[in-house]
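Have a look at the structure below before the remarks.
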Amino acid sequence: MQTIRCVLLLSCWLLSAVAWAQTVPATADSLSSPPANSLSTPSGIRYVVLRPGTGPQAVAGSRAAVYYRGFLPNGKLFDQTLFPNKPLRVRAGRGDVIKGWDELLLLLPVGSRVQAWIPARLAYGAKGVRSPADEDRYLIPPDTDLRFEMEIMPLK
């Protein structure tokens with residue numbers, strides 16, 4: 001019984017990884033700027049809803065679980081959640097994450113899947129993020145706009 005359960009879980013994980021990967025645009029050009037039909041927030045975040053959420057909307061301080069992939073303007077992946085059962089857990093609207101994420105978490109209902117283009121001032125700004133392996137290099141250069149694929153999950 002355990003073997004069957006493990007095989008089923010692995011199969012589900014592989015299928016979800018394939019489905020997730022199929023939503024990535026093919027070229028760096030399509031990664032660097034939002035499409036004309038994207039929505040905008042007053043602060044300048046642009047986003048496209050890939051799947052509308054049907055759950056409740058977060059309020060400041062509520063917990064959220066997010067699967068994500070983060071890209072630099074050249075299309076390079078700089079961070080992601082690796083496993084389907086390990087989303088990033090944060091408190092919405094509390095400064096646990098970059099300002100752009102906080103804004104989106106309070107805007108989008110649970111179950112939403114979006115692509116979002118976040119301006120540098122709502123991400124890591126002028127300081128950027130240094131590489132943990134080499135302090136002389138940047139993982140995210142200063143003043144870099146970022147693109148994220150995000151899926152807001154219900155907490156269990």
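Quick reminder: no glycine exception, Cβ is built from N, Cα and C everywhere.
Please treat TrEMBL annotations as automatic predictions, because they have not gone through curation.
Database features, via TrEMBL:
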SIGNAL    1-21  signal peptide
DOMAIN    61-156  domain 'PPIase FKBP-type'
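Secondary structure counts, DSSP: the domain 'PPIase FKBP-type' (61-156) has 15 helix, 37 strand, 44 coil. Along the domain 'PPIase FKBP-type' (61-156), the predicted structure has mean pLDDT 93.
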